[in-house]
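To start, the structure under review is shown below, and the notes come after it.
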């Protein structure tokens with residue numbers, strides 16, 4: 001029980017320090033709620049300031065916000081004047097307050113302000129985030145829209161934020177062994193009277209409603225059925241209203257507890273001096289052995305578990321989650337004699353036929369003071385081999401774990417070396433080393449030039465009559481005019497105009513890319529040989545590193561694939577998916593049809609065919625805000641879990657209504673009769689409407705009144721009979737015709753009137 005409390009505290013608070021969790025349990029005397037309150041209050045980073053001191057809204061007579069923070073009325077500095085010293089003191093005081101708050105909380109003033117704004121926004125939208133408007137499906141008035149097609153699975157109506165109920169119930173209903181246990185459950189004989197205690201008063205009525213619900217899912221002619229009566233009993237136990245969604249794991253825990261209690265009552269009544277076996281315990285509960293060291297002392301104990309919780313954050317697949325859950329603390333201390341460190345290993349000693357994993361996708365954000373959903377991607381296989389976690393294989397598993405640890409350390413070294421080849425350089429911009437060598441080779445092989453491009457441009461500019469870039473006008477003035485530049489007949493001396501390079505003629509030998517200025521054939525030959533050889537060596541080294549890394553990955557993946565480690569297969573039966581955030585969302589389930597070998601999607605009233613690809617997209621996470629929340633695996637060797645029932649006399653498979661006990665068969669027949677009556681009433685209503693339309697079509701229409709001729713001199717906009725008057729006359733004629741037809745029907749009978 002202490003380990004269970006520790007796991008729950010770790011999941012709720014996100015604290016992994018075992019000693020801190022144990023101390024919290026000790027201080028709270030084993031009270032889980034007090035321990036959570038103690039840990040969250042102790043580790044919260046947001047300063048605990050009263051909400052009234054933040055965001056105080058305008059008061060009567062004030063047109064401005066009056067304060068922010070509890071110290072708004074102290075250390076006030078008047079900045080309305082022109083005194084610059086006041087401004088400097090205000091800045092200094094603000095910086096001092098910010099630094100003090102940062103030292104105390106580790107959160108800057110800006111972050112606190114943002115956090116307060118977010119909290120205020122969340123408070124304003126709390127109703128919408130928690131989906132206060134219950135999602136109730138409205139039934140179509142046409143019962144044929146609600147009619148079951150052939151043998152399609154029956155859905156469950158959402159009666160107000162009950163998608164969590166539908167997802168869990170459908171997953172359990174499609175376990176044929178569980179379905180048989182529920183359908184064939186007979187209440188104890190003494191339960192016909194008033195139940196003996198509160199537990200029986202709650203559990204036995206729920207079992208009765210669950211039997212009725214399962215029977216309807218088997219033999220109903222409706223497309224979906226209403227689970228309201230069973231849901232109401234559950235909601236009374238949860239003490240919640242329609243606007244509050246339930247957590248799937250919490251509901252599954254409660255459901256299994258109730259079923260266990262109900263079957264235990266029945267088992268105790270039938271006990272004949274032997275130890276009773278509860279079928280719910282046999283189906284859903286297993287055992288593991290905890291072996292470890294606590295403060296230098298070794299311990300070993302066996303514990304029972306139902307749903308097995310797994311952390312998601314920081315792991316990429318289900319096996320990594322399981323490895324982390326099976327080892328806690330310093331694993332090396334388990335095999336040492338003199339060690340003060342603490343640690344433990346978990347080994348399954350007995351696995352249940354139905355193994356359920358809770359994926360902890362919600363964690364408590366201590367800074368914001370609320371839970372948040374983890375959207376990380378987590379892969380899981382359709383077939384899960386659990387041999388490596390069994391106690392009987394612990395020695396082999398430890399050897400393989402050590403080998404995997406050594407391979408991963410070597411893999412890290414290879415990956416670091418490969419990174420240097422693929423990202424070469426010491427600056428912020430890095431390039432693959434093979435590309436760097438190729439660039440150097442291309443540079444050396446470029447056509448050499450004797451002068452720089454700038455010199456070439458300058459020479460070209462001078463030859464074309466334009467000043468070179470380095471020549472300034474002052475230099476020309478110092479040289480003075482020559483006799484050839486200033487004719488004797490010109491009274492005004494013309495100044496030389498400087499033209500830009502764009503008007504210059506580019507020399508034909510100017511290179512279009514960088515090239516060496518001076519390089520001999522011998523130098524080029526040696527350099528090309530070295531660069532070619534180095535590039536080939538780098539390519540070979542890179543390829544060898546990549547192949548080695550791939551080979552190590554493959555070795556790790558196949559480490560547990562030998563024959564001794566594939567003897568305990570579990571097949572994925574159902575995946576419960578949650579879409580949304582921590583405080584609101586929608587649930588649905590993917591359930592495997594073991595007889596049709598296909599996946600089905602159960603989404604409230606909708607039941608459709610699906611694929612593994614669609615399941616991956618919606619369940620693995622990492623792409624959007626939908627991800628798996630609960631995984632249900634079944635022992636692939638226990639075929640009775642999914643095996644159909646057979647008739648003991650004929651040996652034929654029993655399907656549909658034949659699988660129901662007599663009382664439930666009668667219950668479903670009565671419900672089907674009511675639905676058939678709905679269909680008949682709908683057909684009669686349609687027939688009556690068709691008859692009325694036929695009678696109306698036989699009524700002769702009154703001729704339209706001809707417009708009066710327009711006399712000369714009269715205006716063309718004379719008042720015409722209104723449409724209201726015409727409708728009134730037609731209505732009177734229709735009523736008379738219908739009354740006449742009804743009178744004839746009474747005289748001649750319905751057959752005669754239909755023949756007319």
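From the backbone N, Cα and C atoms, a Cβ is placed for every residue, glycine too.
Not measured: the values here are computed from a predicted model.
The range from 637-664, 665-692 that TrEMBL describes as coiled coil is residues 665-692.
Range 461-493 is the one annotated as region 'Disordered', of 428-460, 461-493, 494-526, 527-559 (source: TrEMBL). Feature region 'Disordered', per TrEMBL, maps to range 697-756 of the set 577-636, 697-756. Sequence-remote contacts of a segment are chain residues at least 6 beyond its ends whose Cβ falls under 8 Å from one of its Cβ atoms, and for the coiled coil (665-692) they are 142-144, 147, 212, 215-216, 218-222, 657, 738, 754.
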